[in-house]
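A short write-up of the structure that comes next.
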Amino acid sequence: MGTPWRKRKGIAGPGLPHLSCALVLQPRAQVGTMSPAIALAFLPLVVTLLVRYRHYFRLLVRTVLLRSLRDCLSGLRIEERAFSYVLTHALPGDPGHILTTLDHWSSCCEYLSHMGPVKGQILMRLVEEKAPACVLELGTYCGYSTLLIARALPPGGRLLTVERDPRTAAVAEKLIRLAGFDEHMVELIVGSSEDVIPCLRTQYQLSRADLVLLAHRPRCYLRDLQLLEAHALLPAGATVLADHVLFPGAPRFLQYAKSCGRYRCRLHHTGLPDFPAIKDGIAQLTYAGPG
């Protein structure tokens, strides 16, 4: 006859030792008690990161989370809300007062991600020093830096500004005209910089840009600089200014400018508007010529 089966409380079988339910469930109970301990072990690291990068977290909240929420609730973009504020608080025909109003709105209401007063002073000083006959701005955004350049242009100076987004360009156009600058002095072109640069000479009668401001997407800076070179739009001695070269950063652009041998480079260190602890800067390049 075969080996008899023995039935016991738990797990039983032929020749198997008795295993109680408590013993079987014991590892599951141990795993459950270890999770809080692991979480507590990571708590100091999380706190350290939050403290160290608190400025970046605040920036993320203001530029992404709160902005997206207000976009959904209002049905308007941040540039459109900013322009509505300017209409009710700024003096028409006074570009300085309009700029101050935008700064106040960005600091006290919604963060605008604009150039801000510190970088703005650097930009205006350089435009006044260089006295360019023609300026090309790539990245109009809300028109803040456009007003800065237009204020500092010499008599008879001309500014062409390029914005790829039609809705943003419409806001910038209204702001520029509200400040008192007409189309002969400030011309806004709607289109991507990649498409507009090859057409500047033929369609917009721009044979040379004495000063260029790159203020759109940092990852496009190198491409657009090389396009300007390829179409011979930079005369010897031309100044190229590039915003946001440290944050979010344009490393390939800076590496090219420093290594190609055609530019003298200088970096103006600043912080972000309302976030001075987040380091940024404006690159100033002086073009020596193609040779």
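Even glycines carry a Cβ here, placed using N, Cα and C.
Keep in mind that this is a model prediction, so the values were computed, not measured.
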Report the candidate from E128, E163, E173, E183 that shares the S-adenosyl-L-methionine site with E137, G139, T140, S145, S193, as recorded in Swiss-Prot.
E163
Which residues, sitting 6 or more apart from S145 (S-adenosyl-L-methionine binding site) on the same chain, put a CB under 8 Å from its CB?
H114, M115, G120, L123, E137, G139, L213, A215, D243
At 10 angstroms around each C-beta, which of the binding-site residues T140, S193 has the fewest other C-beta atoms nearby?
S193
Packing count at E163 (S-adenosyl-L-methionine binding site) (other Cβ atoms within 10 Å of its Cβ):
28
S-adenosyl-L-methionine site, defined by E137, G139, T140, S145, E163, S193: further same-chain residues with Cβ within 8 Å of the Cβ centre:
L138, Y141, T146, T161, V162, L213, A215, H216
Is E137 (S-adenosyl-L-methionine binding site) helix, strand or coil when read with DSSP?
strand
